Amino acid sequence: MNTIQVIIFAVVLVLTVTVGQADEDSAETSLLRKLEEAEAAMFGQYLEESKNSREKRCIGESVPCDKDDPRCCREYECLKPTGYGWWYASYYCYRKKSG
């Protein structure tokens, strides 16, 4: 009789735990969905507006660039090398002069 009671108790315990977890998972999922909807409502328009104002891919410092179509980042400009790089035929992105 004791063994049957232990088995029944174990089965009831397992069922209680699995059903309880299912309820918690569905509650977490619905809460996550609500938070995502609220975030989309609050920040969706802002993200869409700022997406196009972001700087496109650009070339960093000391990287070859095209004189006619420079793709240097804002703080750089496409210049012909001077000094040690005078023998190179192409232009390079260099930091803009601050003066």
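Just so you know, glycine gets a Cβ as well, placed from its N, Cα and C.
Not measured: the values here are computed from a predicted model.
Lifted from Swiss-Prot, the feature list:
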SIGNAL    1-22  signal peptide
DISULFID  CYS58-CYS73  disulfide bond
DISULFID  CYS65-CYS78  disulfide bond
DISULFID  CYS72-CYS93  disulfide bond
MOD_RES   SER98  serine amide
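Within its own chain, SER98 (serine amide) has no residue 6 or more apart in sequence whose C-beta sits under 8 angstroms from its own. Secondary structure from DSSP puts CYS58 (disulfide bond) in coil. Neighbour count (other Cβ atoms within 10 Å of the Cβ, all protein chains): 17 for CYS73 (disulfide bond). When secondary structure is read from DSSP and collapsed to three states, CYS78 (disulfide bond) falls in the strand class. Across the fold, the C-alpha of CYS58 (disulfide bond) and the C-alpha of CYS78 (disulfide bond) stand 12 Å from each other. Around CYS93 (disulfide bond), the C-beta neighbours below 8 angstroms that are at least 6 residues distant in the chain are ILE59, GLY60, GLU61, SER62, VAL63, CYS65, PRO70, CYS72, CYS73, TYR76, GLU77, CYS78, LEU79.
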